[in-house]
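Written below as structure tokens is the structure these notes are about.
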């Protein structure tokens, strides 16, 4: 069982006294994630700005676990909670989007994807319309090479600013990010703080039309008004995850309060009282049934964090294909 957040802060007494951000022990992650499920963060830290984050990283011993989350759209938190520190970048210090020249935007890692799309529209820059349909933040988009409608984040990135676990600044080029489908090979220890994007000059009416099409498509085929984390699984090569899920008979499948959406069966939803364990068990059950039906191994697109609650674990037959 995880010790209390107060106990962790007491161990670090004095080390964190100069921070300007907010330290909150034993914070329910269900208040942060879009699934509205899961256990607590031992300590949640919300830095004021990059300088404050750097000071925090320099003060916290590297043996203490540390995880970074964005706006919580693609996170599944287990019910036993997340040990150590969870760092959440706030919109106040990391959420700005500004035009820096005719074709470039700089965005903080906590900026919602939609805000970047809106800023690009205002600047008359094409190539960012796909962000209008992604329910997430830029930090997560950089980490997973988020994309939609045939466009990916890597197509717009010039360079990414990040801090390492020692609080030192790094600037990564597009090549340094090592992008592939829904993946970046950049060190998982790096915390992205901002990005420089490159767009293409375009007509605002055309950009707005593309954004409207993205929004219409999303509202038509995705359960946007449900408690969901977005696409659950990555698309396998040569097919779509939802098609394989549907063929395996998993559309509408339920475990406890968790359900594969009837509207789009690659979306898991919390119907009201789902636990993190319900959601993960449902996802693993779907993976097992798809593998049994077609031999295809689905890979999670949603990031799973934390510890199982005492006495809980995934069913043995499911663990064989994790």
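Glycine is treated like the rest: Cβ placed from N, Cα and C.
What Swiss-Prot says about this one:
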- 36-202: domain 'FAD-binding PCMH-type' (DOMAIN)
- 182: active site (ACT_SITE)
- 231: active site, proton donor (ACT_SITE)
- 301: active site (ACT_SITE)
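Structure coloured by features recorded in Swiss-Prot.
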{"residue": "182", "record": "active site", "CB count, 10 Å": "18"}
{"residue": "231", "record": "active site, proton donor", "CB count, 10 Å": "23"}
{"residue": "301", "record": "active site", "CB count, 10 Å": "18"}
Overall pLDDT for the domain 'FAD-binding PCMH-type' (36-202), taken as the rounded mean: 96
For residue 231 (active site, proton donor), the three-state class that DSSP assigns: strand
Spatial separation of residue 301 (active site) from residue 182 (active site) - C-alpha basis, Å: 8
